[in-house]
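The next block holds one structure in the form of structure tokens; read it before the comments.
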Amino acid sequence: MKRFTKILFVVFRILFRTWDLAANFIFQKVIYPKPKRELPDINDLILLDSATSLAAKIRHRKITSVEVVKSFIKRIEAVNPLLNAVVDKRYEEALKDAEAADELLSSGKKTFEELEQDLPFLGVPFTTKVSVAVEGMALTAGLVKRKNMRAKKDAHTVAILRKAGAIPLANTNVSELCMWWESSNNVHGRTNNAYDQNRIVGGSSGGEACLQSAAASPMGMGSDIGGSIRMPCFFNGVFGHKASTGIVSNHGQEPEAMGDLDTFMSTGPIVRNAVDLMPLFKLLAGPNVSKLQLDKKVDLSQIKIYYMEHDGGFPFCSKVDSDIKDAIQRAIGHFRCAYNIKASRASIKGLSRSFEIWATKMFAVEEAYSWSEELALRKGSVNLYWELCKWFVGMSENTLPSLGLGLSEIFKRELNHPETQKFLSMCNDLKREFQALLGDNGIFMYPTHPTAAPYHNQPLCRPFNFSYTAIFNVLGLPATQVPMGIGQNGVPVGLQVVGALYMDHLTIAAACELEKSFGGWVSPSKISC
């Protein structure tokens, strides 16, 4: 039986790869024959500063918060007509908040040390996805039935950032109810990649990662239940961190994650500069920061490095781009030359079943609502077959990927079904394998995604590629997406660095090191300042 399964996998892999190549040719040569790269120049140095640096300059009164907020408002207004990343904004309120921050600094009511300790991001604007509650702002999550809904109070993470002095500036686009890897919906439309507007920004935190890549926000937040931070950050050439399970609160996001879905989901930072990952993550972790070792100095010469260049052969995933394999090898080469670390090629066979493991774990959450109920705001359910018929004539409120996700629930098995138990067992085995392999000083380098940013709608032809990120959600492991430059297609490439449970400090330290060596974010715009 095992031999037959292997043969079947090989046949399916050949068929899918043939289909994938043909579809890619059509998208590249027929539908989108010319790259679309027309983004306004960056002519303001404030836009290039890290959030941490901006906060320090504001504290030292080298610049004002009002200046910073105005710079990013101007940049958003310049790039958003081309990118459609921002879907709601609070410019007037943000400027009032900035004036209050500047007045606090002028008053001398707090010492410099108090400001640094209590208000580490005083006066620095931030943005977040439109599924995260910011009081008074849109909270649509990309669903037509929610188009008039506004947040009554801040999500926990937004409240944390406000308490640290940061200023909410805008909300960014997502996929419908945050469950697809292209940020396009029937409320706010589609977001375009800053490096090539014919390509996707990923999802569901795609608008946020896009805004960061365009230097239109100094720092942002996303959430990740199947790669929704890491994939967009990969496609847009910025940094993003998915925390160890249970560290960052997801409270105040739509749709609310029920039961174990809340443990699979992780809210985390999306930034251009790796230096911002740790201070932002420390804040977001809140009281759970005590479970981590974020203040521990990492001796990079003492870490162990493992890697894989692909998942081991899932038949319905695209072949990993040579640019991405090269990025992994360049990262390995750096650690070898700089720290005399010899990386070991891992052979983790369970990764080839990543999609089935993730899907089984998601379907096994008994407290979760069905997708047809989510589309109906948990008040009854949507007739998915009727909506699909309406979609074909352009009359459905819902997107095709969203309807497809709902229809996929017909494959949901009972919890005691042998196949369900098989993949649940495989998940537990993988957890133990990674914990034993990585321990307290190991990192695992792995593709964030098998290909660089696809063209708009192309994810429909390769729907399972997200499994490269999704597996680490159900394993609960920390993972940091690291940009590694621009590939042959003119769009970013990168890799994810994975650690054992609660070893977030190792993956972030590795990201910071790779940024120093390879440059990190590469501007999609000409810099003329």
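Numbering starts at 1 and runs along the chain as it is shown here.
Using N, Cα and C of the backbone, Cβ positions are placed for all residues, glycine too.
Just so you know, TrEMBL annotations are computer predictions that nobody has curated.
Copied from TrEMBL, the annotated features are:
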ACT_SITE  Lys129  active site, charge relay system
ACT_SITE  Ser204  active site, charge relay system
ACT_SITE  Ser228  active site, acyl-ester intermediate
DOMAIN    67-506  domain 'Amidase'
SIGNAL    1-23  signal peptide
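Secondary structure at Lys129 (active site, charge relay system), as computed by DSSP, is strand.
In sequence order, Lys129, Ser131, Gly142, Val174, Ser175, Cys178, Met179, Trp180, Trp181, Ser183, Gly222, Ser223, Ser228, Pro232 make up the list of same-chain residues 6 or more apart from Ser204 (active site, charge relay system) whose Cβ falls under 8 Å from its Cβ. Of all Cβ atoms in the shown protein chains, 33 besides its own fall within 10 Å of the Cβ of Lys129 (active site, charge relay system). Taken together, the residues of the domain 'Amidase' (67-506) have an average pLDDT of 98.
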